[in-house]
Amino acid sequence: MLYQRLATSAVLISVVLALIYFDHRLPLGGLCLIPLLLFFSVGTAIDVTRLWKSAHYPVRPYPTQIGVAIVVLIACIPLLWPLSGEAYPADCPVGRLGWISVGAIVALGLAIGNEMFRYRPGEKGAAGCVMTASFTILYIGVPMAFLVAIRGLGSPHWGLAALISLVAATKSADAGAYFTGRAIGRHKLIPRLSPGKTIEGAIGGIAASIGVSFAMFHWLIPAMTGAPIDYPIWGPIAFGLVCSTCGMFGDLAESLMKRDSGAKDSGNLLPGLGGVWDVTDSLIATALPGFLCFAIGVAGAPV
């Protein structure tokens, strides 16, 4: 199991690093990462809708998955705009974040419209399908769209460095918690939700995330942007705490939904890691808080 986990992680990390390299080198920042974000977004939606279906909740899998993709794609409009030959207009009334709301409203409208089209008198389940679609779109599509927003922050290199920092701080907490828990974990964290998680593992995850945050702020971001960043001395500590604690919340939220549905795994697309949802659960919970950390300067700003 551990071998499969490490092998799958190595392949996944290699693909991600290759796309990051090309995204850093190509002039139109963000384009190379759009397929990756779509893979993780739709893959997570597939896992979640399968969970709803196995638990006998009313759900329309394909329209729901398409709705998640719509939110992410519409949020990418500012990144795709330069393909027209012009920079994204600074005075656009929608701004950059507004496209996330537009995407969510369009996706929810399509989910409702789909039920209107399918509805027949006497049939039940339309309201339930709208509810599961709405939750899935808001739970997956909107946070993933905020990852797009982080990529679009500031200059192209700054946005990419910020996104890498968020992912690194979040996933290092996952890894730190896993290995610390295996090594010295004794006291269960919330056994009714996740019997394998321990308090020692949680502390190890927080420490790992803070350490990685310091490394990101001090070395990686300046190396990628070509200039130091201005951040408060407590910034990496706060950023690491936010990423690790929110990431654990996201992990436990997935555990809650799996237990309530009677499922052991979210999927099997990624051997050793489970489903795509098992990779994105923590990122879903850290996307918005991480964006706010960069937006208000807690996680630094380019000098």
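Glycine residues also receive a Cβ, built from the backbone N, Cα and C atoms like all the rest.
TrEMBL: automatically predicted annotations, no manual curation.
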Listed range which TrEMBL flags as transmembrane segment, given the options 233-253, 275-295: 233-253
The transmembrane segment (66-84) touching the transmembrane segment (233-253) per 3+ Cβ pairs under 8 Å rule: no
I'm a bit unsure how to read this: which one of 28-46, 66-84, 96-113, 125-146, 158-180 has the highest number of Cβ pairs shorter than 8 Å with the transmembrane segment (201-221)? 158-180
Okay, the transmembrane segment (125-146) and the transmembrane segment (28-46): do they have at least three CB pairs under 8 Å, pairs separated by 6 or more? yes
What residues in the same chain, six or more past the boundaries of the transmembrane segment (66-84), come closer than 8 Å to it by Cβ-Cβ distance? 28-31, 34, 37-38, 41-42, 44-45, 96, 99-100, 102-104, 106-108, 110-111, 133, 136-137, 140-142, 144-145, 148-149, 151-152
